[in-house]
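Shown next, in C-alpha cells, is the structure this report addresses.
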C-alpha cells in the first residue's frame, strides 16, 4: 500500500483479495475528540509512528494525494506537508528504494527530489550530495567486506547441506577465532612488543630492569627448569608439550616480563601498569562483545518462548529451513521437525501427568530424585577429589622423576589434564543413564547443566589445588616471601604452564578422537555387515557436546592469558585447525543428530554458556591479582605485594587534584549515590518494559478479536479501540 495508509475492508465481511482502500495515518493513530479517547502522546513517540510519518511525508501522503499534487518542488513540499522550516528534516527522509511504492511512483518521486535540489542553497546541496555519496561508499564497503569474511563459502556450504543448526556451531567457532585473535593483538601490542623492543634496543629505546626492593635474597632466586649441556630430541618434545625448558624463558610466559619501564625516545612506558590494564581490557572486550551478540539471540528466545499454540504455528508454517539443498539434509530436517512436535506433545502429556499425580506418586518420584541426586553429587565429588589429588601428585613429583624416563615424566606432568579429560568423558555418560529415571520434562536439559558445571568447575578445582600449594608456608623463610618459594619460585609462570598443558592436551584429544575413533568406526560401519556394528552406526554430531568442548578451551584461554600473554595466539591456531577437523569429521565420519538440541537454531545458548565461562574466569583472575602475593623472583610485579598494588602506586605519581578526584570516585560518598542513581535508572527501564509489554498484550487481544469477530476487520475501529485502551492503561 501507499506510505502512511492502512488497508481496510468493509465492516461485517472478511477481507477479500482485491485492491485495498486506504485510511489516512492520522485517522488511525489519532482518534477523534468525540470518542473521548485518552491521551495517546506516548504512542506518538514510538519509533514506528515517527517512521510512518516520515514515510508519509516522503511519499507525499499517499497515492491519491501524490497524483493530485502539483509537480515540482512546491508541489512536493505541499504534498508532504512540509514548510520551508522543515526542509532540513526532508534531507534525512528515506530514499525512493526504501519507500513501499510502485516503480512509476518511485521514478516520479526521484524526479521531484532532483528538481527540489536545484532550489536549495549551495551548502544544503553539498550536504545532500556528500551524504548520498557517503551512504553509497559505506554500502559498497559493507558488501565488499562480506566477501572477506572468514570461512564464508565453507559455512554457507555447511548450512546448505545440514541446516542452520549445525551452521550456527561453525559460526560460533569463527567468532571465537576472531575473539582470540583480537585478544592476542591487544596483549602483543601493549605487553610483549614493548618488552621486545626495549630488550633489543630498537627505535632508540632502553629499559630499566626491576631491582629487588625490601625483599629477602632467598625469595629472588629463580632458575627456569631445563636441561644443561647436551639435550636430546625427546627433551625438546617434552618442553614443547609441557611449556618447560627453553619455552619457560620465552615471552610465552609471565616470568619473561621483568622490565619496570621502557623509554622509546623520550616517552616512558610503564610495563607493569600496561600488563594489568591489558588484562582488564581483554576481559572487558570479551564481556561487551558476547553481550552485544547475545542481544539478538535473546530477542529471538523471547519470541520462541510464547504459548504452545504459537509454537505449533511457527513449527508447522514457518519451521522449514529454505537454505537446505541436500536431500539427506531435507529428510533430516523432516525428522527434526517431527521430533520437536513430538517433544511438545510429550511435554503437554507430562504436564497433565504431573497435574494428576497423587500424593503417593509425588512422594515416590521426589524420593527417587533425591537418591539419584545423591549419586550425582557423589560422582561430582569423586571427580573433583581425583583432580585435586592428581594435581598434588603432579606438582610434587614432576621434578623428581628421572629426566631420562621421558614418557613417565610427561605422564606425571600431564596427569591433571588426563584426569580432567577422563572425568569430562565418563561423568556425562553416568548422568545420561541416571537422568532417565528422574521423569523430567524433555525441555529440562538437566544433563547439559551438569556437564557445563563439571567442565567449568574442574578448572576451578585445579586452580584451587595449585593455590593451596602456593600459599602453604610452614617456615619463617617462606612466610617472608608470602608464598611457597621453594616449590614455586615463579608461581605465575607455573600456573601458565598448567593452562598451556590443558589447552594442548584438549587439542590432542579432539584430534585423536577424530583420527583413531571416528574414522575407524566409519570404516567398520561402511564395510562390515556385522549387526552389532550396524546397530551402533555412525557417531552423531551432537552440537551441545561440541560447543562445550570449545567453551571449555576458551575458559582456559581467558584464565591463562594473564599468566601466559601469548596463549590467545595458540588458541587462535587451535580453533582454526579445529574448524577443519570438525568439518571433515561432519562430512565424512559422522552424521547429524536425529534429535537436535532445542537451542541449536540460535547462538543464544552458545553465548549464554560462554558468558558463564567468562564470569567464572573472573574469580580466579581476581584472586590471583588482588589476593595472592606476586612472585618476588620474576614478572613485572616483583616489587609489589600484589599485582593490584601497581594501581595505587601509579596514582601517587599523579598531580594532587587528580589524586583527590580519583580517591573521591573510589570513596563511599560517591559509590552510594551512584548506586542509587543506577537503581533508579534500572527501575525506570523495568517500568517502561512492563508498559510496552502491556501494550503488546492488548494488541494481541485485539488481533484475536479480529480473527473471531468480523466487525473488527475495519482498521479504523481496530486501531482506535486499541490505542484508546492502551492510553487508559498507560495513564491509569
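We count from 1, first residue shown onward.
Every residue gets a Cβ built from N, Cα and C, even glycine.
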I'm validating the feature mapping. Which of 554-578, 579-603, 604-628 is tagged transmembrane segment in TrEMBL?
604-628
Matching range for TrEMBL feature annotation, transmembrane segment, among 411-434, 699-722:
411-434
Which stretch does TrEMBL mark as transmembrane segment, out of 129-151, 152-174, 175-197?
175-197
Looking at the candidate ranges 499-517, 518-536, 632-650, report the one that TrEMBL labels transmembrane segment.
499-517
Stated TrEMBL location of transmembrane segment, expressed as one of 336-357, 446-467:
446-467
Averaged over the domain 'TMC' (490-600), what pLDDT does the prediction give?
85
Same-chain residues at least 6 beyond the ends of the transmembrane segment (446-467) whose Cβ lies under 8 Å from its Cβ atoms:
376, 380, 383-384, 387-388, 391-392, 395, 416, 420, 423-424, 427-428, 431-432, 435, 438, 440, 491, 494-495, 498, 502, 544-545, 548, 551-552, 555-556, 559, 597, 609, 612-613, 616, 619-620, 623, 628
Residues of the parent chain within Cβ reach of the transmembrane segment (499-517), under 8 Å, 6 or more residues beyond its termini:
241-243, 252, 413-414, 416-418, 420-421, 459, 462, 539, 549, 552-553, 556-557, 559-560, 563-564, 567, 570-571, 574, 577-578, 581, 584-585, 589
Of the listed stretches 370-391, 411-434, 604-628, which one has the most C-beta pairs under 8 A with the transmembrane segment (273-291)?
604-628
